[in-house]
Amino acid sequence: MNIFFVYSNLEALTATIFVSLSDALVTLKIYYFVKNIRILKQLMRKLDDEVFQPRNVKQRALVQPSLNIWTATYIGFWVPAALTLTLWSVFPILDKSVQQHRLPFAAWYPYDTKKSPFYELTYLHQVVSIWFLSTANLHMDTMLTALMMYIGVQCDILCDNLKNLENELGYRMGFKEKLIDCIKHHKEILSFAKNCNEFINMIALGQFFTSAVSNGLSMFQLTLVAPFSSECYSLLFFVGSITTQIFIYCWFGNEVEVK
């Protein structure tokens, strides 16, 4: 609604579109996440199948580096996101614009937000909402990349099984049966990857489109805010968060392709 009131002010319009677009994407991602929750539950059950489990200590050690990379990526994503949210939540206080009853995000409300207690309640509502949306968004993204990571890990386990067919199981029937098991494992990996694609496709499409637009709007906003201000730092951390968000999709998706 605020767009209709500030469309003649380029700076305010950019800020409003920037927030509205980001929030709309998260809402859409949550919708598709819930809509396809049945597929996700099937994927979770599939990961518990015996065929997907490491068979010895060597294979556990083989998959550990991938798990470590995912954990490091999760932490690396959380840090700039948490800093961004913290600065968004408190920058009206830091730059003392709270005295003019400025809210963290420009928005239209059907009441006067400059009066107490409407201002305090609206401020709290915006802070709680953005933390909720961002936390949901971050965990959806890292969970989707975890699914990609598991596909790559299964490829590693399959390759190790194939390399050690003779060494571990001997010849003739033992070898033949194990080879058949590997073929079945490969088919299960392909089926798992196909279901992951079905679950991720629309979410990833919306993420890439919105991240590209959000990055552009953020860079434009950086030219309008005071250098080294809290708002400036929050935008810089936001750009870092969005870049990391796109990076994890590209990195783990590429790992699946390579493996």
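Keep in mind that glycine also has a Cβ here, set from the backbone N, Cα and C atoms.
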TrEMBL annotation of transmembrane segment - which of the ranges 105-122, 123-140 it falls on: 123-140
Maximum Cβ pairs under 8 Å to the transmembrane segment (67-91) - stretch from the list 12-34, 123-140, 199-221, 233-252: 233-252
Tertiary contacts of the transmembrane segment (123-140), as residues 6+ beyond its ends and Cβ separation under 8 Å: 23, 25-27, 29-30, 33, 77-78, 81, 84-85, 88-89, 92, 103-105, 107, 203
